[in-house]
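Participant: Before I ask anything, here is the structure I am working with.
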There are 4 protein chains.
Amino acid sequence: MTADDLVELRRDLHRRPEPAWREFYTTARLVEELDSRFGDALDELHVGPDAIATDHRLAVPDDAELTHAFERARETGVDEDVLESLEGGYTGAVAVLEKGDGPTVGLRVDIDGLPRQESDDPDHEPVAEGFRSEHEGAMHACGHDAHATIGVGVLEAITESDFEGTLKVFFQPAEEVIGGGKSMAKSEHLVDVDYLLATHIGLDHPTGEIVAGVDGFLAVSHLEAEFTGEPAHAGGRPEQGRNAVQAMATAVQNLYAIPRNSDGPTRINAGIVEGGSAANVIPESASIMAEVRGETTELMEYMVDNAERVVESAAEMHDCEVEVELGAQAPSATSDQEIADVVEEVAGEVEGVENVLERDELGGSEDATFLMREVQQNGGLACYVGVGTDHPGGHHTATFDVDEPSIGHGVETLASAIERIACERP
Amino acid sequence: MTADDLVELRRDLHRRPEPAWREFYTTARLVEELDSRFGDALDELHVGPDAIATDHRLAVPDDAELTHAFERARETGVDEDVLESLEGGYTGAVAVLEKGDGPTVGLRVDIDGLPRQESDDPDHEPVAEGFRSEHEGAMHACGHDAHATIGVGVLEAITESDFEGTLKVFFQPAEEVIGGGKSMAKSEHLVDVDYLLATHIGLDHPTGEIVAGVDGFLAVSHLEAEFTGEPAHAGGRPEQGRNAVQAMATAVQNLYAIPRNSDGPTRINAGIVEGGSAANVIPESASIMAEVRGETTELMEYMVDNAERVVESAAEMHDCEVEVELGAQAPSATSDQEIADVVEEVAGEVEGVENVLERDELGGSEDATFLMREVQQNGGLACYVGVGTDHPGGHHTATFDVDEPSIGHGVETLASAIERIACERP
Amino acid sequence: MTADDLVELRRDLHRRPEPAWREFYTTARLVEELDSRFGDALDELHVGPDAIATDHRLAVPDDAELTHAFERARETGVDEDVLESLEGGYTGAVAVLEKGDGPTVGLRVDIDGLPRQESDDPDHEPVAEGFRSEHEGAMHACGHDAHATIGVGVLEAITESDFEGTLKVFFQPAEEVIGGGKSMAKSEHLVDVDYLLATHIGLDHPTGEIVAGVDGFLAVSHLEAEFTGEPAHAGGRPEQGRNAVQAMATAVQNLYAIPRNSDGPTRINAGIVEGGSAANVIPESASIMAEVRGETTELMEYMVDNAERVVESAAEMHDCEVEVELGAQAPSATSDQEIADVVEEVAGEVEGVENVLERDELGGSEDATFLMREVQQNGGLACYVGVGTDHPGGHHTATFDVDEPSIGHGVETLASAIERIACERP
Amino acid sequence: MTADDLVELRRDLHRRPEPAWREFYTTARLVEELDSRFGDALDELHVGPDAIATDHRLAVPDDAELTHAFERARETGVDEDVLESLEGGYTGAVAVLEKGDGPTVGLRVDIDGLPRQESDDPDHEPVAEGFRSEHEGAMHACGHDAHATIGVGVLEAITESDFEGTLKVFFQPAEEVIGGGKSMAKSEHLVDVDYLLATHIGLDHPTGEIVAGVDGFLAVSHLEAEFTGEPAHAGGRPEQGRNAVQAMATAVQNLYAIPRNSDGPTRINAGIVEGGSAANVIPESASIMAEVRGETTELMEYMVDNAERVVESAAEMHDCEVEVELGAQAPSATSDQEIADVVEEVAGEVEGVENVLERDELGGSEDATFLMREVQQNGGLACYVGVGTDHPGGHHTATFDVDEPSIGHGVETLASAIERIACERP
């Protein structure tokens, strides 16, 4: 079902996963692919700083990390001109195809990897088939390699179709850190979009299953706490220290214990923590990179308020200072029924698709919500489509993988939906 | 009191602090200094792998860190031949001076820095005087730059004295991680030592004060715990994770809460902790680098036993696995009264020394105890001498500094004591 | 709307709140009321051990508490014969009214109070109106005084109505500890019930609002942990103790931190804790009385499994023993649509009812689910009806109170529904 | 060695242990014993309110507890007049014996029991011999039954001796809660005391061992924290609660984790905790009864300061209020060498005493320090004498017991010392 060349693209991207704002190779590789496939057929191709609202990037890593990733990308021999335009962490691209008179339909796919080590189990497909991550400590553990590939596949399918109107494919960076959605939502390219589709593979749905309209996006906020105490010799003068690691540990214990809320689901995770400098020094500094979520913005704020109080009291308890910074936040969003109806209809006709669910809850967060809400506030319609894939490990785990035929299901379902939307203008 | 050239040496060492087993520049610089000062007058100079029992190095850092430090040292233009002999983290030196018939007296000084950032406060002397650490994240925050300098100064003083016997100065690496003491204690160079002196500057004693015999060395053990859980998407499937950071935080809280022991002082510090990989992933791994201490070996073991149980239960509580590894351990030790008496006597005659304490308690740990016990078990005598210095910040803090005249007090007290010991053979 | 005599009954019950299995006065007072109102018109009146399946009582308090409450009830001068039949904690009653040929309809109301102190704020209605709890440390903080009153009111309304069939009113004890539902569900009186209604006042719905079918009953389980350590003199030999309070505190911190579950709502509460015997003794014993809940039985079990592991690891961490006992458990349940439709219909016609919701989620637990499921498993239908009431404080708080006109709304809605059900036999 | 009648007295007291300020039976029984043994030979006998400075009682229990203990004492048939004079918790006695011209020597013994259950192991001597505690939940687990007995024995021995001077025996209540020492120190009876002896049995010294001068009394302070939150239905509205038990548990975890202090020993114990009212109510209140100690007053204050901060931050963390009250405090003290020398000398001559230690450290606290310091500040001398006894269980544990021959060692050592002191006036 999936053309071999799409599989090849996906595996190439898989081999070089790049976390948020470091998608240098990925962007350049996609540009190369689009150029070679469509050449002049593509009406516009906006790359890097031209693709996004540069003021609205969130959670950009520090220069050292950007440079490291940039140099690594350079060594692959990818197009130097494209690469240079991305320098400083301006990644992503927007491809525009104009095919006659009709509405403007957008498709948003995300392209970043995760900072985690991929499994080296010989039974893990990417190991067995030789396309395991070559980037130490990074992995496509959430299927964005397949998403980017679907974006390319849909462009191709629409090129060859009877579609009338304009198709814009948004290759969005930095989804995993809630960092890129806003910058794409605020770019000029989204302003005239009438209909927006976004998509995700997997989500515990098996290959052959499509979810026409995904909902249940939790609002999310990042929260970073930096504790500062006072060092001291741990053997000689422990009482002269003010222990930032004790403050951090107290905070972690109590963050997870924030009361459940009867108004709806909430989440909390102290995802990255660190502290201290040497075994024999009372730790002077420690930090927590946390995120909280809620079914609604109110519930997310309930979690933020509680988390801030916990962190501040934990610092005070150990006579430390703390700086709390709220990071990137993404809102909640809802798939419009009109589009979900179209997707449901066309998905049933795709070869290999055996089951179509009308609705399902995500229960997680996604910064596609920035784009969905932007389009909806402009009077347009938006829908988030789930494409089932058998995945051996869960999302974000070392053995996550995509069952490749599902890439084809995604391409066909989305392309058909885009055609139908342009035709029916729901 | 202190010769200008000694101050210059101390400041040069201060500028390039190197933590445990990375004393590449430091060792090479000391060798250079000894060569230029004494040339052939020095009977032996054992460097790097020839100075220590290489099998007994403890807590050696990984290759990446060693290489980084090695390359940094190379860039200073220090003697390439000496440097190469140290490659792989074989640092330190033993200088031997034979001056006629008499006992063999050892002097042990340690030379490593600490992995902590030095203050950039303009009032901090090394900033004001332009010899602040040039190594990002490293600092001589415990005065070992002065110790190494005292070692050189004592050699010089003895060269010019009436001393009859053999003097060996042990420039020991890796004290701060309890890593180098054992390898020097087990080296061939200690076997024939009849009397051993070791020294530390500061310890909350002011400039002009000498402690003839320091005691109260706490036995110490390092303990490293690596927690392993299961990652999961923190928004989508939090219940599928097994949270290593929660396990670590629970352990930290309870480690510090191990009951105080009425048999004597104990210590605990979770000096370095870290965990997790991304804000939106339930943390799969976390670690604690801790150390425990006790006035006696039994008390240290009481802490070890409790710490192990805490760490293992914390892992189990969060359904994680944990590997606990006991690291370097150093014993307790006592200064022999016979030597302390000599030190007390001679210190009173040193210009600038205004107060001599017979005894004081350290209340911390020191791996000089390995050397002291080795000498004592061979039938020799050992003593640990405190040299007061006004230090603005506490040991191991960012504003620690040495009041330089105290270097001269140390040199003169120790040299006089060595002469007297050789003469009186207590 | 509410007859004055019903209000008087409610206030009298309010004045003498009796927690689980101690409803001695309450039961006797209700029997007295039923006798005086209906006399021989009532076909059957089963009291105490005759009303329940005595083997299935759960969470019965100890003899001392039962005796204390029993004696207190005796002092009120209530009927001695009735009282004696209740001795040992066999409380509750079932009233049966037969009115010709028709189905058997059950109405279940609960009658117990809570072990908490009532507010003495002069603005608190029971204070202002002189019917505040006279029982130190006990309070009707969940409206069961109104529930019992509604039971009496419905009996009266049906007596005077055209209802044909049999009405059974179950005055159930011990709902707050999930203790009485099962014993009433397993009694012989429920076997022939075709339709069951249960009701609750308040639930954050205002006066004038009716919820036709309440759902979202969380499955619930109690869990009791008894920690045992070793005492020691806290000053002289702290290290010889094994501290049960530290174990308990560690458990509490981690119980609340059990991961949220994406499959649905869960709850945890360490509702009662205690430990230790004297300030200067390392605590030898401690306990936690906790409850966990889940939207489904699976979710409740997820919480139970995690809670058990947390408690056991906390004990181990502090070298203590622990006995964990699972207490009373209640299942989840669903209101049948057929009955909810009837309720919705009739409620709209009740004077003072301004808003009727078809469905709402409780989000808490209720052991009425035992009776609902029993009837449903016998082929009958069941429905749980919410009766709005303006309540100043939340349920289970010191300022909770019932807006008395809502009692009339409950009586009329339920009586009309019962009539209609008997007539329509949905 | 010990007269049978002294053993009988000790066992009778053991059978009826009475915690702080509830020593109704104990005081009355001692008065009875003194009357029957000495009658008019005793010059003064001050009982209850006449024995102490009533304004200075600390940590007096509430009326309910006092009444319960008072009624229990009344049922024993003990002298009603004496008993009535003690009502309200004014316990203890001071016996005065004047024997000619000489100094005034005081002996202080404490008489209270502990609130803990005694072992019912058949091998536990009090069980085997039939004098186990008859008071549920109370026990002489620290040997004060023996202390009171020694007080009587010394009076008898001095009566029969050549002693010239005045002997005052202080039977002090409420030592275990640091409650009675101050009230006895501030009474008029101590003003003219020239020499004071105090004593304790056991302390990990075996039968036949005497410690002439005990030191190392830790300064101690009680600290009580009452947390107040907000209740809520734990299933229905958990987010509306403010959880006092979570605050308390967080505090407990962090109290024990207050950094050890290199200046000397410290202690912390959360000896009694409780919280919450029902499994299904978010706990509105919780409390901690803690004590902290330090080798010096400064160290005790270091602990108090840290404990207060921990408790306040824990409350804030869970959005609760807390009231912290510092309770009874006792100072540190030192045994005077002059008296310790006398005790050492005479103890060596006592039959059955095989070993006399000059000095030992207690490492715990004792409110005898109030009396010792008072006497010392008045220009007198004081000494605390340890009397070894084989004790199967540790102090404050369920199997603590006194090896009865040691009572005789105590009597003889102290009586001889008193004689010698009066004679030598050191």
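Even glycines carry a Cβ here, placed using N, Cα and C.
According to TrEMBL, the protein carries these features:
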type: BINDING; residues: C:C142, C:H144, C:E176, C:H200, C:H396; note: Mn(2+) binding site
type: DOMAIN; residues: C:224-315; note: domain 'Peptidase M20 dimerisation'
Participant: Test of understanding: give the count of other CB atoms lying within 10 angstroms of the CB of C:H396 (Mn(2+) binding site).
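Facilitator: Around C:H396 (Mn(2+) binding site), other Cβ atoms within 10 Å: 28.
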Participant: If you measure Cβ to Cβ, which of the binding-site residues C:H144, C:H200, C:H396 are under 8 Å from chain D?
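Facilitator: Near chain D: C:H396.
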Participant: Name the residues of the same chain, 6+ apart in sequence, whose Cβ is under 8 Å from the Cβ of C:H200 (Mn(2+) binding site)?
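Facilitator: Long-range Cβ contacts: C:G143, C:H147, C:V214, C:L362, C:E366, C:Y384, C:V385, C:G386, C:V387.
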Participant: Return the average pLDDT for the domain 'Peptidase M20 dimerisation' (C:224-315) as a whole number.
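Facilitator: Residues in the domain 'Peptidase M20 dimerisation' (C:224-315) carry a mean pLDDT of 96 in this prediction.
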Participant: Which residue counts does DSSP yield for the domain 'Peptidase M20 dimerisation' (C:224-315) in the helix, strand and coil classes, in that order?
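Facilitator: DSSP classes over the domain 'Peptidase M20 dimerisation' (C:224-315) add up to 34 helix, 29 strand, 29 coil.
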Participant: Per 10 Å Cβ neighbour count, which of the binding-site residues C:H144, C:E176 ranks highest?
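Facilitator: Per the Cβ count, the most surrounded site is C:H144.
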Participant: Reduced to three states, what secondary structure does DSSP give C:H200 (Mn(2+) binding site)?
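Facilitator: Note: C:H200 (Mn(2+) binding site) is in a strand by DSSP.
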Participant: Does C:C142 (Mn(2+) binding site) have same-chain partners at least 6 apart in sequence with Cβ under 8 Å from its own Cβ, and which are they?
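Facilitator: When sequence neighbours closer than 6 are ignored, C:C142 (Mn(2+) binding site) has C:L114, C:E176, C:G202, C:H395, C:H396, C:F400 within Cβ distance under 8 Å.
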Participant: Through the lens of DSSP with three states only, how would you label C:H396 (Mn(2+) binding site)?
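Facilitator: DSSP call for C:H396 (Mn(2+) binding site): coil, neither helix nor strand.
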